[in-house]
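Below is one structure; the comments refer to it alone.
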Amino acid sequence: MNIHEYQAKEILRKYGVPTSTGLVVTKTEKINEAIDKLNTKVYVVKAQIHAGGRGKAGGVKVVKSKEEAKKVAHDMFGINLVTHQTGPQGQKVNHLYIESGCDILKEYYFSIVFDRSASCITFIASTEGGVDIEAVAEKMPEKIIKFAVDPATGLQDFHMRGIAYGLGFKDSQAKQMKEIVKSVYNAFIETDATQIEINPLIINSYKNLLALDAKITFDDNGLFKHPNITAMRDHDEEDPLETRAANAGLSYVKMDGNIGCMVNGAGLAMATMDIIKLYGASPANFLDVGGGADRERVKEALKIILSDKEVKGILVNIFGGIMRCDIIAEGIIAAARDIGITVPLVVRLAGTNVEKGKEILSNSNLKIIPAHDLADAANKIVEAIR
């Protein structure tokens, strides 16, 4: 789960991380009031959306008067902000965060992530802040420092020292950085986060460190322990189909292609998407119905896929282990009859009760295209939509 910048800063402040402060606005009629209340020399008006690249897209504006701030805020509120992470459709700005500006002497990058490949928590820091860390990693990898934290021992003094001195801090600033590392680590562990990113972390005119922007992502599986964090969820920032799927117990991610996929198992789902690309088309979604899906869940999965108007065909790829192929077949037929599937539908079944499943599909009198393996299925669905 993602949250907005202003919410991330609120959490970090509770753990002792110094951040820039401001006021959040959720209604246009509150804009002038917030700016008057802030009453500062420099205003920073920030669009609050769950996507990076806001600054380059015009979603962050620095102005030096109340009148300018009010105009910029009114112009920004409610627009569809398009960044390199939103896709061409953009994301509607329903929240603004208006801050007091400050002088920036130097920008840094600092984050903590759960590194799945290394099975540990990893700190990432760089003297090149305020830009995409991916660009830094590609062009100047020597500018990035990393420290892995053994989950058995947790954060140690050498981690804090290594990051502080690795970024070139000395004396009081090194002490501040070590405290920030400790605070961010504690926030990461105690909130069940998977990523906390501060970009940029700056030195201001008082020679103090300050988190100027912040992003936190949480592990959905840990949210039941944190009702206060769950309450921060902004459903307007999430794809309605993804929300609907989550409520139905389905793992669904919308993509940009036109072939809908329904698969059981994340690995098989990714392999299915790969082979669709290999045969010259693009998947419209990732959808894992899970190992224990019943007829109703299969039916709901197909309804969700067909709710995407870009879908021109559907590929169902099921390996029946825990899940029985006959149950899948019954769900497909029920969905087809209930909602009327008008796009080509290719079904590949393998595993438990596969022959029974194939028989059910064959006797349904529906226009279902059977496939005997994954390559055959991909080839048939790509040909069917051409």
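Backbone N, Cα and C define each Cβ position, glycine as well.
Computed over the domain 'ATP-grasp' (9-244), the whole-number mean pLDDT of the model equals 93. Residues or ranges marked as domain 'ATP-grasp' in Swiss-Prot (evidence: sequence analysis): 9-244.
The ATP binding site annotation in Swiss-Prot covers Lys46, Gly53, Arg54, Gly55, Glu99, Cys102, Glu107 and rests on sequence analysis. The local packing around Glu99 (ATP binding site), expressed as other Cβ atoms within 10 Å of its Cβ over all shown chains, amounts to 24. When secondary structure is read from DSSP and collapsed to three states, Glu99 (ATP binding site) falls in the strand class.
Asp213 (Mg(2+) binding site) counts 24 other C-beta atoms within 10 Å of its own C-beta, drawing on all protein chains shown. Taken from Swiss-Prot, the feature Mg(2+) binding site applies to Asn199, Asp213.
Residues annotated as substrate binding site in Swiss-Prot, with sequence analysis given as evidence: Asn264, Gly321, Ile322, Met323.
Considering other CB atoms within 10 Å as the measure, the emptiest surroundings among the binding-site residues Asn199, Asn264 are those of Asn199. Of all the binding-site residues listed (Cys102, Ile322, Met323), Met323 sits in the most crowded Cβ setting, with the most other Cβ atoms within 10 Å.
Once Cβ contacts within 10 Å are tallied over all protein chains shown, the binding-site residues Glu107, Gly321 are led by Glu107. Cβ contacts within 10 Å of Gly55 (ATP binding site), excluding its own Cβ and spanning all protein chains shown: 16. When the binding-site residues Arg54, Glu107, Ile322, Met323 are screened for a C-alpha within 10 angstroms of the C-alpha of Asn199 (Mg(2+) binding site), the residues that qualify, in sequence order, are Glu107. With a cut-off of 8 Å between CB atoms and residues at least 6 apart in sequence, the same chain places Lys46, Ala47, Val60, Leu81, Thr83 near Arg54 (ATP binding site), listed in sequence order.
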